Amino acid sequence: MNSFLFSLACSLLVAIPAISAQDEDAGGAGDETSEGEDTTGSDETPSTGGGGDGGNEETITAGNEDCWSKRPGWKLPDNLLTKTEFTSVDECRKMCEESAVEPSCYILQINTETNECYRNNEGDVTWSSLQYDQPNVVQWHLHACSK
């Protein structure tokens, strides 16, 4: 019985990404949006691959020539983030894209009341700490993508 459950779980790990890829190829909206709102209210955990390590990530073609996706209401605890000096989303995104500092910058979290910008301080984010539906916070995720 255990080997059957293991086989079933492995099959799902292969089938689910393939189905998601078919949805994207067919013009499906997906869960993440660029510059727009999250259209599904999704609570799925994002991939832990860093945006700065393109060799370990699938290439994503962004629909609006942008390599960022927006997650309103997503919040990581302060101990997983480092505050930056930037106060605008554009400046913060540019800093992240051009950063050569380790770990690679691929998660930005913006406090929309204070306009404070935070970035991931670890290479692998602890997604189990992620909180959803939090007020006054927006996360931006940088993807390895082609324009």
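Placement of Cβ uses the backbone N, Cα and C atoms for every residue, glycine included.
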Have a look at Swiss-Prot and say which candidate in C105, C117 forms the disulphide with C96.
C105
Which candidate, C10, C67, does Swiss-Prot give as the disulfide partner of C145?
C67
Count the Cβ atoms, other than its own, that fall within 10 Å of the Cβ of C96 (disulfide bond), considering every protein chain shown.
24
For C92 (disulfide bond), the three-state class that DSSP assigns:
helix
How many Å separate the Cα atoms of C92 (disulfide bond) and C105 (disulfide bond)?
10
